[in-house]
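So the structure is just underneath, and the comments pick up after that.
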Amino acid sequence: MSRLNLRTAFKRAPNPEAPPPSHQVCLEGDVKQAIDVGRTRLVIAAALFAMAFGAVGLRLADVTVMSRGGEPRLADAPRVAAPIQTTRAEILDRNGLLLATSLYTPSLYADPQAVIDPVAAARALATVLPGISEQEIVTKLSAERRFVWIKRNLTPRQKFEINRLGIPGFYFQREERRVYPQSGAAAHVVGYTDVDGRGIAGIEQSFDEVLRSGGQPVQLSLDLRLQHIVRESLIESMTEFQAIGAAGVVLDAKTAEVLAMVSLPDFDPNHAGSIDPDAQFNRATLGVYEMGSTFKVFNHAMALDSGKVRIGGSFDATQPIRISRFTINDYHPEKRWLSVAEIFEHSSNIGSARMAMEVGVNGQQDFMKKIGMLARLPIEVPEAGLPLAPSPWREINLMTISFGHGLSVSPLHLVSGVSAMVNGGVLRPVTLLKREAGATPAGTRVIAERTSEQMRKLLRLVVEKGTGRNASAEGYLVGGKTGTAEKLSGRGYNRKARISSFVGAFPINDPKYIVLAMIDEPVGNKRTFGYATGGWVAAPVVKNIVQRMAPMYGILPVDESAPEIRRDLVLDIAPRDTQNGGKRLASY
Amino acid sequence: MSALSRTDTSAFGRWWWTIDRWSLAAIGLIIGFGALMTLAASPPVAERIGLDQFYFVRRHFALLPVGITLLIGVSLLAPQQVRRLAVLGLLISIAMLVAVLFVGGEIKGARRWINLAGFSLQPSEFVKPFFAVVAAWMFAEWRKGEGFPGHLVALAMYGLIAGLLLLQPDLGQAVVVSAIFFGQFFLAGMPIIWIVGAIVLGVTGLIGAYFTLDHVASRIDRFLDPGSGDSYQVDRSLEAFMNGGLFGRGPGEGTVKAYIPDAHADFIFAVAGEELGLLACLLVVTLFTFVVLRGFARVLGEQSLYVMLAAAGLLAQFGVQALINMGSTLHLIPTKGMTLPFVSYGGSSLLALSVGMGMALALTRRRVGRGGSR
């Protein structure tokens, strides 16, 4: 309508509410003006409404379609789950990978009184529930109780299938099930829970309360990648040498964090009900063994640190030592005087025993106590073995302990001690939990820095020229010590059943990692000329581990014959060298 | 409706040829949409609070015929009859607003409900349309220039009603009443200085509410910073829209209604978003927009200021409620309990809106001599 039309059209309206004519005549102008203002403003109001509804429409498109590609509203999602306090916290590796988590699963139960036809119900159920027979279900359904478990922890598909059957009297209970996505990879460390979710081994047991409170996940020091490397290398070796078991540990030499710890055979914690007791046994922490020659690392450090034996000294190894009814022999008898370095290099039992005698029973006992070999390790899993120490501690024990017999410790004890011997002489408590940067405890000094430096050179000598040559991962400067111990069997030692081990550190000029491989009862083969000693069996495992882990940890290979490296690592006294000094010492 | 001849002069025949059939159709569609959504959204809510699954559905469907009858019955009235109805209705509503303060049932810290013959009524819903019509009448009288201070009378009534609403307290309804009242005042030719004053008053009122009413403060805080408190309903609501996408999951296939406590009432639009998707929701928004703008256009050519203001006020109430509801659901504005007209479950709201829109339809009917070619 046009405005002109409006003005002229406004006359007397026949509306009931229209003002009486007498008033309208004189007030027509006012009312007309008011109507005009109202009309203009009504257009403004309409525009405002149109815009507001338009905004709603745009927002609708925004939240329904546009927001899809954007960031998922993940930050909000856990809020729904957060108040459920029953959720057991997760266990993570040091890089945040999932080692243990909890999932909700439905469990099927029945009220037998409400089941109309138990036989038909059982027949139908048996078709969707493998692993439980029709007869078993009928038996359960004939119980007098009002509640029987039919099957626990079903899959969502099974639940769907059962719902689809639509049999009355069956119900689901939401239960929590612990899941280990890595199955056996860190089984002995992580442990497992029973069917009711209580931790009954490993971290699951020792941190049960913490995990149960459902707060922050527990983050372990383990590196899952390394865990796999160690496990694979050990399995390879076990298979080749038909061994009954194996253990491996990688320790951060600076922080004493356990980066990998494997015990074989292992198990799948997802099926905790059917674990073989042997597989359940943690050889790395719970098992205590006479470690054999790897213990000479401690003996040499003890002797050198006491000041009673100097690195330039030498000892008579021409004859076996006879003491009461025992004879101490060398495995590779040199039948001559050996320098301190040669004793280590050739792993001479006779020489080691003589060095220990310089320090004495009390000195040895104190030293072993100081480096933690006489007490349970302060490790975070409940499976921590108590060392077996001689009592009383006689002279014969002094001698045998010098080469690793008569004192049984766990492999982790050995790794912890060796770490202190090479890292500058400081013993730190080993841990399975990830340490925050800068939160490494100061530790206690157990040997002088100088002694530690001498030990590093001795360990390098073994890999370069001695029994540990098979551990030499070219470029990574491995230093280490072999060990081959006969296992106790009944009252004596069994020559056929051995523990073969190698404990190494690399790079030995500034050790960052300690690596241990221990093979339980290996059998020599053609390739090793029938040998099953630490040098033949365990040293290659360590080499393998070092070669695979070093690139991962950003350790660059070096030229091992570079003068500046040799200057740091080669002992000033190297008797078997073609150098003059060597000859002179050998004839000493 | 070929059966109805143009020359039919019966009451119904006249009604049919004078009523705004487009608006009527749009309102009908909205009512149908509401019925569908009540079927979808309310059973899970009823089940959760321990009622029979179809409790809300039954009640909604029982009230729908009453509402539709009221809507059509009221739309048959002439403008003067509308005014009489509004005056009467306003008096009763104010009396109930006063009564509710003394005998009202307290729910979540507010007295908003009154029990009447087995029904619980929410007087604040009824006061809105009646007041819009009465205020329009007062403004129209004021503009006649006979010296009758209609605007002051309206202002006094507004003060009384807003005060009563704040005493419950029901800030949401107070905001709607204020918006409509000042909107009408604006249309009625409120002087510019008053407009500025009204805006200042509104802003200070809201700021005052923020500082004096804790629940208002917390809602606004949560809107501005969702991390500061529980924004559960809105989060679920946005999730619902996201799940719905363009075409929705299909009627009845939504999941969010199981989580949102008010899925059948204030958050029904979210259920629609999830089940029917963006396109259906846009259609609903369009229907609301259409009803409001179409009504405005109908009264643009109106010669009676009273009719124009009353219709605009009633339509604005309808539009503002829809906007507040959708805006809350979409997290455009802080959460404010407000029903989506004719869609949300809620007896008082449905009946009051039926009367209100019935009056709006009555006022937008084509009348002889109201001028213009429309």
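A Cβ is built for glycine as well, from the same backbone N, Cα and C atoms used for every other residue.
The transmembrane segment annotation in TrEMBL covers B:22-41 (among others).
Taken from TrEMBL, the feature transmembrane segment applies to B:61-79 (among others). Listed as Cβ neighbours of the transmembrane segment (B:61-79) (distance under 8 Å, sequence separation of 6 or more from its ends, same chain) are residues 11, 15, 19, 24, 27, 31, 35, 38, 85, 304, 306-307, 310, 342, 347, 350-351, 353-355, 357-359, 361-363, 365, 367.
Summarising the annotation, TrEMBL assigns transmembrane segment to B:85-105 (among others). Sequence-remote contacts of a segment are chain residues at least 6 beyond its ends whose Cβ falls under 8 Å from one of its Cβ atoms, and for the transmembrane segment (B:85-105) they are 74, 77, 111-115, 120-121, 123-124, 126-127, 129-134, 137, 157, 160-161, 164-165, 167-168, 310, 355, 359.
If you look at the transmembrane segment (B:148-167), the same-chain residues 6 or more away from its ends with a CB under 8 A from one of its CBs are 90, 94, 97-98, 101, 124, 127, 131, 134-135, 137-142, 173-174, 177-178, 181, 185, 188, 190. Taken from TrEMBL, the feature transmembrane segment covers B:148-167 (among others).
Residues or ranges marked as transmembrane segment in TrEMBL: B:179-211 (among others). Counting only same-chain residues 6+ beyond the ends of the transmembrane segment (B:179-211), those with a CB under 8 A from a CB of the stretch are 128, 131-132, 135-136, 139-140, 142-143, 151, 154, 158, 171, 217, 220, 305, 308-309, 312-313, 316-317, 320.
Summarising the annotation, TrEMBL assigns transmembrane segment to B:276-293 (among others).
With a cut-off of 8 Å between Cβ atoms, the residues of this chain six or more beyond the transmembrane segment (B:305-324) that come close are 79, 82-83, 86, 128-129, 132-133, 135-137, 139-140, 143, 172, 175-176, 179-181, 183-184, 187-188, 288-289, 291-292, 295-296, 298-299, 333, 336, 338-341, 353, 356-357, 359-360, 363-364, 370. According to TrEMBL, the feature transmembrane segment maps to B:305-324 (among others).
Residues or ranges marked as transmembrane segment by TrEMBL: B:344-364 (among others). Within the same chain, residues 19-20, 23-24, 27, 34, 38, 42, 56, 59-60, 63-64, 66-68, 70-79, 81-82, 85-86, 89, 119-123, 125-126, 128-129, 132-133, 264-266, 268, 295, 298-299, 307, 310-311, 314-315, 317-318, 325 sit at least 6 positions outside the transmembrane segment (B:344-364) and bring their C-beta atoms closer than 8 Å to a C-beta of that stretch.
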